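Lifted from TrEMBL, the feature list:
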ACT_SITE  255  active site, proton acceptor
BINDING   29, 132, 134, 169, 255  glyoxylate binding site
BINDING   82, 83, 84, 111, 160, 253, 258, 286, 287, 288, 289, 290, 309, 310  FMN binding site
DOMAIN    3-360  domain 'FMN hydroxy acid dehydrogenase'
């Protein structure tokens, strides 16, 4: 390693280092958003519109960042989002991420399009893990994947519902993105769905067009809840879907701004979703989290936790397992500091009154 790990002081710096290290096609695949990338910028910028109203002169000598997600106790409300093809970033790929996430005491979500299989990830040791599922046209493939994830000890399914077709990611089209020849989508090996072929377009876009079910709807999604609840009592279904479908949770996400450009920033959509579920389900936020302050803001708006995607692949590219561990540690430490400076001793003390947003009703300060 040519850089000094100690010199990395925040999450954003890993992206700069990763850009220097990774081949252009791979960096672009991880970094880019759809079309004009407006939503990509907005996922970040939106956080800067939310400001703090800290409580001071509170005894903050003991701060507890622990929380529970779907009944599993974790060290902090910061979890690892599903990101595809991590061996493009580092030879140990998803296995390194799994070890780092376990060491941090939190939850990892493995992508359907991982370059390591559910079994390989499970073999890294104990840990609470979720499996992200794309719905393939071939329902037998889906059933097999869910069964394998459950056998490998995965605790929940995160069903992705925003990808009937792949978003237009122009860097991938220019680069004619394709999975490097030494890698494959490990969960699909043996199902003849493990390879992404080179095309005149983005190879991944062509793959999705061929394999992923475009007809998935509220009607068909009940098929998944019935698998999850009837066949596998131990699998809780976690979905980017609404309460009526029988989901156990909702992730507010715009797919890292990689699907529909000009969709709002996730943190701007969060409160509306939280109000709609009326406490019947936990709501999680994905997209744009780069600082502990971002985590606090999401929780103040009603999220039960957040997921991080790009920070994981960029830190993995720079320093493997240790990089991912460091990203999780930095976010934990910044979040704990934000709690202290806001006067919150535990997750349950973080409230809407700790922040102010542009859409708050005007507060008239009484004259003393």
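Every residue gets a Cβ built from N, Cα and C, even glycine.
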Extent of the glyoxylate binding site in Å [max Cα distance among 29, 132, 134, 169, 255]: 21
Distance, residue 132 (glyoxylate binding site) to residue 309 (FMN binding site) (CA atoms, angstrom): 13
Minimum Cα separation from residue 160 (FMN binding site), reported as the residue among binding-site residues 29, 132, 169 that achieves it: 132
Residue among the binding-site residues 84, 289 whose Cβ has the most other Cβ atoms within 10 Å: 289
Cα proximity to residue 169 (glyoxylate binding site), best match among recorded positions 255, 258, 287: 258
Sparsest Cβ surroundings (other CB atoms within 10 Å) among the binding-site residues 29, 134: 134
Number of Cβ atoms other than its own within 10 Å, given for residue 132 (glyoxylate binding site): 22
From binding-site residues 82, 84, 258, the one whose Cα lies nearest residue 132 (glyoxylate binding site): 82
Among 29, 134, 255, which are recorded as recorded positions, the nearest neighbour of residue 287 (FMN binding site) by Cα: 255
Inter-residue C-alpha distance, residue 82 (FMN binding site) and residue 134 (glyoxylate binding site) (nearest angstrom): 11
Length of the line joining the Cα atoms of residue 255 (active site, proton acceptor) and residue 84 (FMN binding site), in Å: 12
Residue 29 (glyoxylate binding site) to residue 289 (FMN binding site) - Cα separation in whole Å: 19
